[in-house]
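Feature annotations, reproduced from Swiss-Prot:
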- 1-21: signal peptide (SIGNAL)
- 83-102: region 'Disordered' (REGION)
- 83-95: compositional bias 'Basic and acidic residues' (COMPBIAS)
- Asn141: N-linked glycosylation site (CARBOHYD)
- Asn371: N-linked glycosylation site (CARBOHYD)
- 384-474: region 'Disordered' (REGION)
- 384-395: compositional bias 'Low complexity' (COMPBIAS)
- 396-420: compositional bias 'Basic and acidic residues' (COMPBIAS)
- 444-455: compositional bias 'Low complexity' (COMPBIAS)
- 456-474: compositional bias 'Basic and acidic residues' (COMPBIAS)
Amino acid sequence: MQSQQQPVFISIILLAINTDAAAPTTAVNAREFGLLCTLVRAEDNLEDRRSAGQAAKEVVALAAKIELILANLKHIERLAAAEPEAAPKESRSDETPEACKASKATVCSQAAQTYKTIRPDEKLALAFLAETTGDLRSTFNVTLKQITAAAASHARYFGENTESRPALDKIKKALYGSPEAKGDAIIESGDGTRSAACGNTDGNAANSAAKRATAALICLCGGDNTNTGNDACFTQTTADINYAKKGGEVERAWTEIRQKCKAGAAANKVTAAQLKAAAAELAALIHQKRGEKAVAGLLGAAQINNGAVDCDGSEANGKGSCVILSTSASKYKVETPDWLNALEAAIADLEQEQIELDNGRKAEAQILALNSSXTTLLAQAVEPTKQPPAKAAAAPEKKSNPQKDCNKNTKKRDCKEGDGCKWSSTEATEGAFCKPKDGEGQTSAAGAGDAGASDTEAKKCSDKKKEEECKSPNCKWDGKECKDSSILANKQFALSVASAAFVALLF
């Protein structure tokens, strides 16, 4: 096994002997460059924080105004009726409710403008609700309050919170440090050499490159006055930095790197998932152990030998365009750079945004459902205003009986079915046995004659004291005595009518 490794080891030694100090000439840091460019692009092109739909926002705004209108309807009506240039003037304090005084006057004026756009039937409904204290008004008020409360609980999602975006603030902190450093200040004035800014395992870990990602990118990609035309990230940089003087060179180098990062990807929004993936891969690269010394804390390309690693920008043994975040004295214990901590904090904020988004969507659905309920309640309030005055119930028309007076027919031959009459006796051919066929009563000149006939029939039945004697068609045994069956039928009908009336009252 050792004999197979020897040629490789010798070739590395020969390479180290024969290579002059120069900047890297291939895209050895393309991977690290791409990962950090995700952070650079996020500064200006981070995926927008999503918010509620326009329909839900309008419902929330309208609910607050309707609640104000209901509580101050008379005043809102006056404002709505006034000319725009004439409203609102507080001529008398007793005319203006507290909810519309001083700084609140503008809100009431806006509510009045909304009131103007409401349909006439809805205005009638609001007037009805404003004057009633019943369950309908109470339920309507509760529904309006639920809408405004749901929006208030998710103020950022409904666009009512205008504070800066925490995730974006932390992305800027990752790029420029805290306090923020731009221009030549990206590389601190105390970093008079590239090794001081970018790190050396035998001396100190990176200073500027550990504080801000912009400096880390310059260490990975930039040229300097000793190592010009660096190709470690992209084809030859044109801004070479004199770390001892700087003089605008750091700012020029950063501008060039920033432009290269954005080239070809300017239109694409950076997502939380992309930032999270980039942060995870950068952390893995930093903690990866390399070479026989198991050097950790190295970001970027360097030719690792048995000795130190110096990120001085040259392409030579033990050197490279890199960032070192550990030292041999600390046994290569990695110190996580400030910019990576800030990036991970930004990702945590974006994850919190997603939680707020999920909860906000639920609130939005609830608000739209509550709006449907409020619309239904308003429609119920419209109904009483549409009802015409109740008219007195007309007395039922008394049907005229087209039949002939059957009672006048005392002979069976004159009692004809064609006249609506029926002979009730099966034995007699003469007598008072001609009756209306359909059972309806008839008017007669005597009037009292019918009553007399009924009384007679009832008396005939009551004379029968035994059940076996109570066999006449007009008689019926009720358990104790023989009674006229028509009287029993009338009592049964009266009882059923009374029962139906009671059931109707219950429901």
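For all residues, glycine too, the Cβ spot is worked out from N, Cα and C.
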Candidate with the highest Cβ count within 10 Å, taken from the glycosylation sites Asn141, Asn371: Asn371
To the nearest Å, how far is the Cα of Asn141 (N-linked glycosylation site) from the Cα of Asn371 (N-linked glycosylation site)? 12
Per DSSP, Asn141 (N-linked glycosylation site) is which: helix, strand or coil? helix
